[in-house]
């Protein structure tokens, strides 16, 4: 695309914003709606590959259905010289630029950014779409503070060449890929959560959890090394946030958070806890007689109410704070094992605890009931402590991998590697999907199922086969009509025939009765007339044999002495040859 070019009589290219490994991004003007948009196009070396173009289209259509405030919206898609899609234009900075400017990001901001990205991933995962490339460069912060996840719609194309040995395929993302991506295994929702964990780690510490001299070295560390604890690099990180980041960076997908929603809820709880702690620190200063306050008590109460976003009474505000230098009352965490989630939540809140919820698979505890708490039951602690309820979601479940468009052998491998069993395999004809490739799957990708659950597949048997009709002795008009009705393309060849009159169809190539696909070009052989049957010339003189041949339209050919009589001939008696063909004669006594 060129500056000034108008696409679809609507989008005017204004400037190039940047380029990645596979695409260019342009700033453009939507002349119909009078708004600025961004346009992403495939690079020319990918345009010629139909597989990339088709996947580009389908991923753009899928991403266009993601209408969420934390995901860059895709508006339109099409092809003009090369495939493109039109998306929301975002002003602001990527996290990459924020980190590269050596700016220390506050814990409150880190938790806000993380929860917003998790919210966007929750929406994507609900539509069975795995981003596969969460990294600081794909997260933007607008001037108003909104968080936007970019590059939905093309990331699956980048995953087509995920082999870490291919220069450029992992070069920009090796610091953020999950262990399963580094191994070339099937990705899942947990892969996105791992990548988000690497981003949070870098926001907290200023560097990624793993780095090496090359992309391969970095990717290897994702597989083999444990990350350094963030608290060794940044002392003010809360234990809850550190534990969350380390859980995200677990090597095995099922050891991470079970969903983006679980992560989002925890990050929001951590953010609320930080805000509460900061407010309580300010309130404790009230007991210091050396500090003189400009606020009257009513003004202070109003300020506190604004911080908490709700109206509290004075007794609520000062409840649990030190009085005359005394320590707040400690409260014992009750044993809630086996309680329903709602009842456990209510019991803890009545005791003054801040309550978090974490889901966990457990085949022995029914879904929706409490497995345990953190801290554990009977622990005595301050009433404003965060107590996390571990709630059962029933037997452990994992997301079904996406295997559509894969060759059957690869699809079976991916399913089995993910802990599932391949069920029914139904073959159907498909004119567009090559033979042996997967057309659809049931359950669909993203559905969470228990280990050893079956996944049924529909596999392409290739295009439908059509039997070639017998066109021999038909006129060209009739033959053409039959072929076009069947959807065949055709071409003509002329030959002499042993038994078909001139101008009629002698036969077809492939022959009548054979089964072929409708993209097969049928060669129609048209008769130039009947061939001539060679007579017996043995024992005749040259002159006699010559007269016989000339009478039926053939010509004699002799070498050497033509005296005597014909002793050998070629072709032999009874063979058919084209008119005006030669018959070789040999003579002897």
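Here the Cβ of each residue, glycine as well, is placed from N, Cα and C on the backbone.
Pulled from TrEMBL:
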type	residues	note
DOMAIN	11-268	domain 'Protein kinase'
BINDING	40	ATP binding site
DOMAIN	327-393	domain 'PASTA'
DOMAIN	394-461	domain 'PASTA'
DOMAIN	462-528	domain 'PASTA'
DOMAIN	531-589	domain 'PASTA'
DSSP-derived structure type at residue 40 (ATP binding site), helix or strand or else coil: strand
Considering the domain 'PASTA' (327-393), which listed stretch of 11-268, 462-528, 531-589 counts the most C-beta pairs under 8 Å: 11-268
Secondary structure content of the domain 'PASTA' (327-393), with strand meaning DSSP E or B: 10 helix, 25 strand, 32 coil
CB contacts for residue 40 (ATP binding site) [other CB atoms within 10 A, all chains]: 24
Number of helical, extended and coil residues in the domain 'PASTA' (394-461), per DSSP: 10 helix, 26 strand, 32 coil
